[in-house]
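Here is the structure we will look at, set down as structure tokens.
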Amino acid sequence: MRFKEVGLLFCQLLAVLIFAAGFFPQKKVLKGDAQFQYMAETQRALEPAFDKLVLVVIDALRADFLFQQNVSHFDFVHELLNRGEAWGFTAYSNPPTVTLPRLKGITTGSAPNFLDAILNVAEDDSSSNLKDQDSWISQFAKHGKKIHFFGDDTWLKLFPEEFFQKHDGTNSFFVSDFEEVDTNVTRHLPHELQHKDWDVLILHYLGLDHIGHKGGAASQFMPPKHREMDAVIRQIYDQVDNRTLLCVMGDHGMNDLGNHGGSSAGETSAGMVFISKMLSSYPRPAAQDGVSSPVTAAEDYQFFTRIQQVDFVPTIASLFNIPIPKNSLGVFVREFSSLLGQHATTKIIENYHQLMQLAAKKTAARGNDDIDSMLAEMKDVQATLARTATNYNYAMLFLGVGMLSIVTAATAYCYISSARLNEASVLMIAVTALLGSSVFGSSFVEEEHQIWWWIIIAVVGYSWATRPSCTPSHLVFLVCARLLRGWNNSGQKFMYDFTVAELLKSHPSIKWLLVCATLAVVALDGFTERPLLSIFNLLAGLLCFVYKTCWANVNGEVSPTYAQTLVTKACSLLFAGGTPWDDKQLLVPLARLFFKVTAAIVCMRIAYNVVFAKRKFLSELFPLFTIVLIMQTASQNIPLFLVFTIMRSSLRNILRVGYPQQRCEMFFVLSLILQNLSFFQFGGTNSIATIDLTNSYNGISENYNIYVVGLLMCIGNMAPAIYWSLAAVVDHQLYSKKSYAQQKLSSMFFYSVNSLLLLVACICMRYHLFIWSVFSPKLCYLLGWNILIHFLTETVLEPFLLMVAG
């Protein structure tokens, strides 16, 4: 690419990054540890309601997993609820519903920072550390309490190790494991419960969350995991006294696909239950009184009393008689006032003073009879503070917008002045204008897939009407597009039970036949011209199929007999040595072998091309790249690459016959449309809840590497977009008379204009109700598309391949 285009691209990326740095700043927080404010001497002399705290965090424990009939298998918890020794709540978790910001909320009571959702996956990030921020953890440590911690090592990223007298962290992102990751926590229990040399015991279990990511909320592995966690709760309950409070909670919930990060009811409704033998001596919460557990299904997962998750913080602080953390937005849970007796009013007034100080409001003297109005006012202040929790850096916002405005103007000038006025350029300008204007509506952002669907239908319909000679190809393309449309659920507002992907899950024989057919068709593409390379591709395809079958077996999916036989024979040849390996042991070596074989084939083909330059270099490598993308794709989506192959063939025929003078220009524009359409129809959305981690660990052992996992995650989630981007550059090499930089101007124009308009929309909507659940994730996706597709794929990888091709 020419220096001018590269310079514009770097300036565009820099402008968006500057804007993001101003839009997602670290929040300003009150430093230091809190002290009692109201009747301080009296409070310091009070006895706590409990002596010890056991906190069991079950990652992604949705409220229905804990309370709902036919869903929950926490039988012992239900028994305790019915005896009054457990009080249940549905705790609302503010989005983004990922672990790191939710743990911040649970421990400090503060509102989440959306940047934490991004930092959540950065293993070596230290910017989220809470060493200098007040929390009930730091308060317990300051008061000389001994804290033992076992589980998700996110806690060790948040808090200094000196806060914990004993700790053992487990990696939270190796989602392929949902057994050992919990066993490593539970193995500490016998010793901890026997010696009880702690005041606070924190256990954070990850297995349930991993099961959700792997198989969804209704996975066959969910009931056994519920029972396992229920047994842990029973084990703790049986060995602690009535002066110990056991709290079981989810840090967030999950949607039906098993993902989280967004703002749907399932993701924000976490279960929470307080357990103690002492509780049966006090009146139950009104919502629980006379109700038998497990309960029937509730609308939007609202079971028993609904509280804010941050309300846990002042409640725990009050029950254990420590100051409420300075930055807490929580409001004391009124149901626990009976445990504090005559001092309940003192604690509520203390909470009132703390919250008003955080809101910078003056507090007037209050009488004991004003408790109800005080709690109501606190709830109002809580809601206001939660909405205005972020301090935007306006200098960086406007610098980013100003810089991007200049870049966009320059890019638009270069594109419009160099482009011929034809159907391809008009279509690109129309698509850019339509998408750019749509970002100002939250519903358009949530349902963006609808826009791309109607764009492709309109374009193909227009082409069919004006070029009827290509009727068969148009018809085939439309049939494939409709099949693509119905393959998965897309968007965030509506879910459908009968999708092609769900049907394939329930008919595994058909699914695996289609997987075989897809790999065979892709691998043997061009067999008559390059039989040797096709055989190598077939070897890579075979390794991919064997790995996918093993993965399915390990994760409880059904695979047909012929697939099992193939796996057995292939593995006996590949891993001979006398020691039989089970499918789980084979996963990592199989994936690594696949990537090594693929890399060897690519290197061999590049070396061959250096000696014998061939114009079809990229088209010969394209099937192998497609197999790599298939490797990073969920099995039910793999047949879509067969659909893509048919669509690509039809599209090339339409352009060859109907658009001979603008073939490559039109393919570039249609490639951009199909990148976005196929991304959404693969199940993607503009919510971080649909980021799929399933294939992020192919070939990764327990030695978690953020960079490798991040790369695999990006390839897996952007596989369809990468496919269509590479398809466009293959056609460019074969047929284009223009330079790649000239062709690339069209996509640069699209990305620049849409980036600018989204940044403007984010400024306009910064106090909108959906700023964190809709516009902020969209901004994150904009960064992802710009970096992964626009920069790494189209500006780094594709020009490199064209250079090698000569």
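Cβ atoms here come from the backbone N, Cα and C positions, even for glycine.
Keep in mind the model is a prediction, meaning the values are calculated, not measured.
Database features, via Swiss-Prot:
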CARBOHYD  ASN70  N-linked glycosylation site
CARBOHYD  ASN184  N-linked glycosylation site
CARBOHYD  ASN242  N-linked glycosylation site
CARBOHYD  ASN488  N-linked glycosylation site
TRANSMEM  396-416  transmembrane segment
TRANSMEM  425-445  transmembrane segment
TRANSMEM  451-471  transmembrane segment
TRANSMEM  508-528  transmembrane segment
TRANSMEM  532-552  transmembrane segment
TRANSMEM  593-613  transmembrane segment
TRANSMEM  624-644  transmembrane segment
TRANSMEM  664-684  transmembrane segment
TRANSMEM  706-726  transmembrane segment
TRANSMEM  745-765  transmembrane segment
TRANSMEM  782-804  transmembrane segment
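Annotated features, which come from Swiss-Prot, shown on the structure.
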{"residue": "ASN70", "record": "N-linked glycosylation site", "Cβ contacts under 8 Å, 6 or more apart": "PRO294"}
{"residue": "ASN184", "record": "N-linked glycosylation site", "Cβ contacts under 8 Å, 6 or more apart": "PHE150, ASP168, THR170"}
{"residue": "ASN242", "record": "N-linked glycosylation site", "Cβ contacts under 8 Å, 6 or more apart": "SER276, LYS277, MET278"}
{"residue": "ASN488", "record": "N-linked glycosylation site", "Cβ contacts under 8 Å, 6 or more apart": "THR499, VAL500, ALA501, ASN637, GLN681, PHE682, GLY683"}
Within the same chain, the residues 6 or more beyond the ends of the transmembrane segment (664-684) and with Cβ under 8 Å of it are 257, 419-420, 422-425, 427-428, 431, 448-449, 452-453, 455-456, 459, 481, 484-485, 487-491, 501, 633, 637, 640, 644, 647, 651-652, 655, 690, 692, 717-721, 723-725, 727-728, 731-732, 735-736, 738, 743, 746-747, 750, 789
Two-stretch contact, the transmembrane segment (624-644) and the transmembrane segment (745-765), at least three Cβ pairs under 8 Å:
no
Under a Cβ pair cut-off of under 8 Å, which of the recorded stretches 396-416, 532-552, 593-613, 745-765, 782-804 contacts the transmembrane segment (425-445) most often?
745-765
Counting Cβ pairs under 8 Å that are 6 or more apart in sequence, does the total for the transmembrane segment (532-552) and the transmembrane segment (593-613) reach three or more?
yes
Best-packed against the transmembrane segment (396-416), counting Cβ pairs under 8 Å over 508-528, 745-765, 782-804, is stretch 745-765
Could you tell me what the rest of the chain brings near the transmembrane segment (745-765), counting residues at least six beyond its ends with Cβ under 8 Å?
5, 8-9, 12, 15-16, 19, 23, 397, 400-401, 404-405, 407-408, 411-412, 414-415, 418-419, 424-425, 428, 431-433, 435-437, 439-440, 442, 665, 668-669, 672, 771, 775-776, 778-779, 782, 785-786, 790, 794
Same chain, outside the transmembrane segment (782-804) by at least 6, Cβ under 8 Å from its Cβ: which residues?
1, 6, 9, 12-13, 16-17, 20, 606, 609-610, 617-618, 621, 675, 714, 718, 721-722, 725-726, 729, 732-733, 740, 744, 747-748, 751, 754-755, 758
